[in-house]
Amino acid sequence: MSKKDSSRRWMREHINDKFVKNAKKAGYRSRAVYKLIEVINKEKFIKPGNKVIDLGAAPGSWSQMAIKAVGKSGQVIANDILNIKPIDGIDFLQGDFTENSVYEALLNLTMNQKVNVVLSDIAPNISGQPSVDIPKSMYLCELALDIAIKSLTPSGYFFVKVFQGDGFDMFVESCRTYFSYVTIHKPKASRTRSKEVYLLANKLKPAKLM
(Lines of atoms letter the chains of each structure in order from A and count residues from 1; the text may use other names and numbers.)
(Lines give C-alpha, C1' and ligand atoms only; values in the text may rest on other atoms or scores of the structure.)
Protein backbone atom coordinates (compact mmCIF):
# COMPACT_ATOMS: atom_id res chain seq x y z
CA MET A 1 0.00 0.00 0.00
CA SER A 2 1.38 3.43 -0.98
CA LYS A 3 1.75 6.26 1.56
CA LYS A 4 -1.03 8.11 -0.27
CA ASP A 5 -3.43 5.16 0.01
CA SER A 6 -2.46 4.66 3.64
CA SER A 7 -3.17 8.33 4.41
CA ARG A 8 -6.58 8.09 2.74
CA ARG A 9 -7.45 4.97 4.75
CA TRP A 10 -6.36 6.67 7.97
CA MET A 11 -8.50 9.72 7.17
CA ARG A 12 -11.59 7.58 6.46
CA GLU A 13 -11.11 5.67 9.70
CA HIS A 14 -10.48 8.86 11.65
CA ILE A 15 -13.64 10.55 10.41
CA ASN A 16 -15.81 7.52 11.23
CA ASP A 17 -14.03 6.56 14.47
CA LYS A 18 -16.42 6.48 17.45
CA PHE A 19 -13.56 7.22 19.84
CA VAL A 20 -12.67 10.37 17.88
CA LYS A 21 -16.31 11.47 18.02
CA ASN A 22 -16.61 10.67 21.72
CA ALA A 23 -13.39 12.54 22.52
CA LYS A 24 -14.60 15.66 20.75
CA LYS A 25 -17.96 15.49 22.49
CA ALA A 26 -16.34 15.03 25.92
CA GLY A 27 -13.74 17.74 25.36
CA TYR A 28 -10.71 15.46 25.29
CA ARG A 29 -7.84 16.37 22.99
CA SER A 30 -7.25 12.86 21.61
CA ARG A 31 -8.99 9.51 21.17
CA ALA A 32 -6.04 7.97 23.02
CA VAL A 33 -7.71 8.93 26.29
CA TYR A 34 -10.08 5.96 25.91
CA LYS A 35 -7.15 3.55 26.05
CA LEU A 36 -6.28 4.95 29.46
CA ILE A 37 -9.89 5.14 30.65
CA GLU A 38 -10.55 1.46 29.84
CA VAL A 39 -7.60 0.24 31.89
CA ILE A 40 -8.27 2.67 34.75
CA ASN A 41 -11.84 1.38 34.95
CA LYS A 42 -10.56 -2.18 35.06
CA GLU A 43 -7.56 -1.80 37.36
CA LYS A 44 -8.44 1.33 39.43
CA PHE A 45 -4.85 2.49 39.39
CA ILE A 46 -5.33 6.29 39.55
CA LYS A 47 -7.05 7.48 42.71
CA PRO A 48 -8.04 10.81 44.30
CA GLY A 49 -5.04 12.53 45.87
CA ASN A 50 -2.46 10.68 43.75
CA LYS A 51 0.66 12.26 42.28
CA VAL A 52 1.02 11.37 38.58
CA ILE A 53 3.78 11.89 36.01
CA ASP A 54 2.61 11.80 32.38
CA LEU A 55 5.49 11.28 29.92
CA GLY A 56 4.95 12.02 26.24
CA ALA A 57 1.83 13.91 27.23
CA ALA A 58 1.05 15.89 24.06
CA PRO A 59 -1.61 16.77 23.08
CA GLY A 60 -2.77 16.27 26.67
CA SER A 61 -5.76 13.93 26.79
CA TRP A 62 -4.15 11.55 29.30
CA SER A 63 -3.32 14.49 31.55
CA GLN A 64 -6.92 15.71 31.22
CA MET A 65 -8.16 12.34 32.41
CA ALA A 66 -5.54 12.06 35.14
CA ILE A 67 -6.37 15.44 36.71
CA LYS A 68 -10.05 14.46 36.80
CA ALA A 69 -9.12 11.23 38.57
CA VAL A 70 -6.76 12.72 41.18
CA GLY A 71 -8.86 15.80 41.93
CA LYS A 72 -7.74 19.01 43.63
CA SER A 73 -5.84 17.13 46.32
CA GLY A 74 -3.65 15.38 43.73
CA GLN A 75 -1.02 16.50 41.26
CA VAL A 76 -0.37 15.78 37.58
CA ILE A 77 2.99 16.64 36.04
CA ALA A 78 3.00 16.44 32.25
CA ASN A 79 6.12 16.32 30.09
CA ASP A 80 6.70 16.36 26.36
CA ILE A 81 9.22 17.68 23.84
CA LEU A 82 6.26 19.37 22.15
CA ASN A 83 4.40 22.26 23.72
CA ILE A 84 0.93 21.63 25.17
CA LYS A 85 -1.85 24.17 25.43
CA PRO A 86 -2.43 24.86 29.14
CA ILE A 87 -4.70 22.48 31.06
CA ASP A 88 -6.21 23.63 34.34
CA GLY A 89 -4.46 22.02 37.29
CA ILE A 90 -1.59 20.51 35.28
CA ASP A 91 2.09 21.28 35.89
CA PHE A 92 3.67 21.12 32.42
CA LEU A 93 7.37 20.82 31.71
CA GLN A 94 8.49 21.06 28.09
CA GLY A 95 11.71 19.26 27.22
CA ASP A 96 13.38 15.93 26.53
CA PHE A 97 13.12 13.82 29.68
CA THR A 98 16.15 11.80 28.54
CA GLU A 99 18.27 14.88 29.37
CA ASN A 100 19.44 15.10 32.98
CA SER A 101 18.37 18.72 33.37
CA VAL A 102 14.79 17.91 32.34
CA TYR A 103 14.70 14.80 34.51
CA GLU A 104 15.88 16.80 37.54
CA ALA A 105 13.27 19.47 36.79
CA LEU A 106 10.59 16.76 36.75
CA LEU A 107 11.65 15.58 40.18
CA ASN A 108 11.69 19.17 41.45
CA LEU A 109 8.05 19.57 40.40
CA THR A 110 7.18 16.65 42.67
CA MET A 111 8.94 18.53 45.50
CA ASN A 112 11.20 15.46 45.63
CA GLN A 113 8.32 13.33 46.86
CA LYS A 114 7.61 9.89 45.41
CA VAL A 115 4.70 9.66 42.96
CA ASN A 116 1.89 7.10 42.76
CA VAL A 117 1.68 6.67 38.98
CA VAL A 118 3.97 7.10 35.98
CA LEU A 119 2.20 7.14 32.61
CA SER A 120 4.02 6.88 29.29
CA ASP A 121 2.36 7.07 25.88
CA ILE A 122 5.61 7.99 24.18
CA ALA A 123 6.27 6.94 20.60
CA PRO A 124 9.23 7.94 18.41
CA ASN A 125 8.82 9.74 15.12
CA ILE A 126 7.62 6.90 12.89
CA SER A 127 9.61 6.12 9.74
CA GLY A 128 7.38 3.25 8.64
CA GLN A 129 10.25 0.78 8.99
CA PRO A 130 9.65 -1.58 11.94
CA SER A 131 13.35 -2.46 12.10
CA VAL A 132 14.03 1.21 12.90
CA ASP A 133 10.88 2.27 14.74
CA ILE A 134 10.57 -0.60 17.24
CA PRO A 135 14.14 -0.29 18.65
CA LYS A 136 13.60 3.47 19.07
CA SER A 137 10.34 2.80 20.87
CA MET A 138 11.92 0.18 23.14
CA TYR A 139 14.69 2.62 24.06
CA LEU A 140 12.09 5.20 25.15
CA CYS A 141 10.23 2.52 27.12
CA GLU A 142 13.43 1.61 28.96
CA LEU A 143 14.02 5.27 29.85
CA ALA A 144 10.43 5.62 31.07
CA LEU A 145 10.92 2.47 33.17
CA ASP A 146 14.02 4.01 34.71
CA ILE A 147 12.07 7.11 35.72
CA ALA A 148 9.31 4.93 37.15
CA ILE A 149 11.75 2.90 39.24
CA LYS A 150 13.37 6.05 40.64
CA SER A 151 10.23 8.10 41.27
CA LEU A 152 7.44 5.68 42.30
CA THR A 153 6.26 4.83 45.80
CA PRO A 154 6.65 1.13 46.72
CA SER A 155 2.99 0.51 45.82
CA GLY A 156 3.07 2.69 42.69
CA TYR A 157 1.96 1.93 39.14
CA PHE A 158 3.77 2.20 35.80
CA PHE A 159 1.54 2.29 32.70
CA VAL A 160 3.37 2.34 29.38
CA LYS A 161 2.72 1.90 25.67
CA VAL A 162 4.89 -0.82 24.14
CA PHE A 163 5.12 -2.04 20.55
CA GLN A 164 5.30 -5.80 20.04
CA GLY A 165 8.37 -6.90 18.13
CA ASP A 166 12.11 -7.24 18.76
CA GLY A 167 12.88 -6.43 22.37
CA PHE A 168 9.28 -6.68 23.59
CA ASP A 169 9.71 -9.88 25.61
CA MET A 170 12.94 -8.57 27.09
CA PHE A 171 11.23 -5.34 28.19
CA VAL A 172 8.39 -7.28 29.83
CA GLU A 173 10.96 -9.36 31.71
CA SER A 174 12.75 -6.18 32.80
CA CYS A 175 9.48 -4.90 34.25
CA ARG A 176 8.93 -8.23 36.03
CA THR A 177 12.40 -7.93 37.52
CA TYR A 178 11.44 -4.68 39.22
CA PHE A 179 7.69 -5.06 39.82
CA SER A 180 5.68 -7.76 41.58
CA TYR A 181 2.73 -7.58 39.17
CA VAL A 182 2.81 -7.02 35.41
CA THR A 183 -0.19 -7.27 33.07
CA ILE A 184 -0.59 -6.61 29.34
CA HIS A 185 -3.65 -4.83 27.94
CA LYS A 186 -5.01 -4.22 24.43
CA PRO A 187 -7.69 -1.52 24.89
CA LYS A 188 -10.60 -1.40 22.46
CA ALA A 189 -9.48 2.08 21.34
CA SER A 190 -6.19 0.58 20.15
CA ARG A 191 -6.61 -0.29 16.48
CA THR A 192 -6.54 -4.02 15.78
CA ARG A 193 -3.76 -3.83 13.21
CA SER A 194 -1.52 -1.79 15.53
CA LYS A 195 1.29 -3.61 17.29
CA GLU A 196 0.85 -1.40 20.35
CA VAL A 197 -0.18 -2.85 23.69
CA TYR A 198 -0.13 -1.32 27.16
CA LEU A 199 1.80 -2.72 30.08
CA LEU A 200 0.71 -2.06 33.66
CA ALA A 201 3.27 -2.78 36.38
CA ASN A 202 2.60 -2.49 40.11
CA LYS A 203 4.45 -2.79 43.43
CA LEU A 204 8.18 -2.32 43.24
CA LYS A 205 10.06 -5.26 44.69
CA PRO A 206 11.77 -4.26 47.97
CA ALA A 207 15.26 -5.08 46.70
CA LYS A 208 14.71 -2.80 43.70
CA LEU A 209 13.60 0.34 45.55
CA MET A 210 15.77 3.35 44.71
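A Cβ is built for glycine as well, from the same backbone N, Cα and C atoms used for every other residue.
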Q: From Asp121, Asp133, grab the residue that Swiss-Prot records in the same S-adenosyl-L-methionine site as Gly60, Trp62, Asp80, Asp96.
A: Asp121
Q. Do you know offhand how many angstrom separate Gly60 (S-adenosyl-L-methionine binding site) and Lys161 (active site, proton acceptor) by C-alpha?
A. 15
Q) What span in Å does the S-adenosyl-L-methionine site cover, taken as the longest CA to CA distance among Gly60, Trp62, Asp80, Asp96, Asp121? A) 18
